[in-house]
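Q: So that we are looking at the same thing, I have put the structure below in structure tokens.
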Amino acid sequence: AEDAEWLRWVTKQFGSIAGKDKEIDLEEFKTALQVKESFFAERFFALFDTDGSGTISLDELLKALGLLVHGNETDKLRFLFKVYDVDGPCPEPGPRAGSGSIDPEELRLVLRWCLRESALALPEPRLADLTRALFEAADKDRSGSITFEELRQELEAFPGVMENLSISAASWLQPPPPAQRSGRPRYLTRLYWHNHRSTVAFLGGYIGLNLLLFALAALRHAGLGGWLAVARGCGQCLNFNCAFLAVLMLRRCLTWLRTTPVAEVLPLDQHVAFHQLVGYVVLALAAAHTGAHVANFSRLARQDGRDVLAEYLLSPRPGAGGLGDTAAQTGLALQGLLVTMVTFSCPCVRRSGHFQLFYWTHLSYILVWTLLILHGPHFWKWFAVPGCLFVLEKVVGLAGRRTGGLRIVEVNLLPSKVTHLVIERPQFFHYKPGDFVYLNIPAIATYEWHPFTISSAPEQQETLWLHVRSLGQWTNKLYEYFQQPELPSPELKPLSRSLREKRSRCWTQVGEDRAQLLANAECYVDGPYGTPTRRIFTSEHAVLIGAGIGITPFASILQSIMYRYHRRKQSCPSCHHSWCEDLRDEEMTLRKVDFIWINRDQKHFEWFVSLLTKLEMEQAEQEPGGRFLEMHMYMTSALGKNDMKGVGLQLALDLLATQEQRDSITGLRTRTQPGRPDWSKVFGKVAEEKKGKVQVFFCGSPALAKVIRAHCERFGFRFFKENF
């Protein structure tokens, strides 16, 4: 039944690609396969085109794919061998027929195209090393060529490769898997409730408190009419929620709370999400409150016989409430301000180059709270404590900024438009690994403050590091501000004296311009503020997962671990043998750390490769008996061992890494794995180690966060996500 379904699917796909002649030519084949480079498409096409007509018929396609999809290991391996065997006589242009063996030049050619297909850039000497490693391993008889049997023996040393060998780019020929629906929603599973118990309990308490406040206020005014009872109930809820909005943005207080046992009970990590939720609740309550009052005023107007609603809404009336009987007018003003604030807080506004609209409209919270005090006679009782704390936090922040700007010591422009800022560290600036600050650079934008995670370790006393990825308007302006024009190359032919003097002046001017940029780029920082990563050092087994620039908070943590290694390093005075003491103390209960870094391509690893190299060196000095820190690198653009376009390259990289004890992609000892992690296997291995309670910390895209969160729920691991 499955074969029949596959046959129908292939026939349907073939019909959608083939033209009226019911044949697929090379260009149509390339388009369907969606390959990055033409080499493999041409090789596959030549092998599929068994009659040499220059086109592929449905019968030829089914016969060839039958070997790949339903064939045995020998069929798949023979096809792979033909792909690599590119030499031999061929009377027509295009891929050559093959000679029955693979020589070093053929292997070098195929590996070069494998590198391009995997978006890898290695120098020619490195390509020669890869070719040599794979050829020497496969050429068992040292005859100078690789036969089919020798290739089979080499692949058999890698379990699971041959039986899973396929062409991943031909996924258009695989029917979509049937949708598997769980018997009940994920939100109703026991694991979900266990892993989100603090959030669920907090939401339950929040909803229950609002219902209680509404019921008490509505019952108290039930005798005055139904509409007025609804308005009073909503008003009492608004008193609480408008004050609670301030509580959720007390960043310094929340940072302090993370150091107390309260952090285990309250979902402090979701304070921004709760702030947004409460904002929407306030808007809904305000609309219901206003609507109920309007309905009540309409009823009163009809009773007076004038039926003029505008008089009740736009002019003060005795007994209307509020300061000077202006409750109706201040209420309408509040409604307009709330709608404006919520509208310009939407992500589509903030992330589309209109951050200023969000910033300035959000500053109207001062006017909102002022109008609330004038509008509601009891609001000040709810707002007194959080309002005082909010003002105190702002005063502390302003006092820190008044001390003067900080000097940007160094700026490095990294691949993928990442700006590495080295800022002088303020006096008495104490923070924890993974904390973040708000950064303001007046030369970029006078009033904009943006949050960035500190990527340097607290033990680094003189400077702060920030790595800023160019994703929005402000971050792109920052990168362009420090971007220099291309400098003149010093490796030119001998020049005349006048030209040499001109170049010297040019170099001097470039240096002066850069110094002037740094001098003008004074900056201010507000913080530090705590994040979920503060829990890492109190974990037993921590799994740190960073996607792209999401490594930033973990860079600070890994550096802090490195500094602790230095601090605890011991040396024997007799034999000078050095070792590291156990890292666990009252502030650090870690038994094991797994660090997983996922990048799209090779150049993204350059951001922190020097740091990771130092960590590996420190790790090598630890006494044998188990690795405390284990690193896992993944490159999603690279093709894996199960893909015919990547199997040779990955085998060569494995062999060379074993010989040289370092990875050819990053230079680390840790081998970079192709493709995406298999989270079931990753977390399954973590669970088998049984190093203690596992906590997973993630910083990256929301889509990947959902996937990892679902796997954490399956294995019973606690999941934390960074907001920045």
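Even glycines carry a Cβ here, placed using N, Cα and C.
Relevant sequence annotations retrieved from TrEMBL are reproduced here:
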- 36-71: domain 'EF-hand' (DOMAIN)
- 126-161: domain 'EF-hand' (DOMAIN)
- 200-219: transmembrane segment (TRANSMEM)
- 225-250: transmembrane segment (TRANSMEM)
- 357-376: transmembrane segment (TRANSMEM)
- 401-535: domain 'FAD-binding FR-type' (DOMAIN)
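Any idea what these are sitting next to in the structure?
A: Averaged over the domain 'EF-hand' (126-161), the predicted model has a pLDDT of 83.
Residues 193, 229-230, 232-237, 239-241, 266-267, 274, 281 of the same chain sit 6 or more residues outside the transmembrane segment (200-219) yet have a Cβ under 8 Å from a Cβ within it.
Listed as Cβ neighbours of the transmembrane segment (357-376) (distance under 8 Å, sequence separation of 6 or more from its ends, same chain) are residues 235, 238-239, 242, 245-246, 322-323, 326-327, 330-331, 333-334, 337-338, 340-341, 343-345, 349-350, 383, 387, 447-448.
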Q: For the domain 'EF-hand' (36-71), jot down how many residues DSSP puts in helix, in strand and in coil.
A: 24 helix, 1 strand, 11 coil
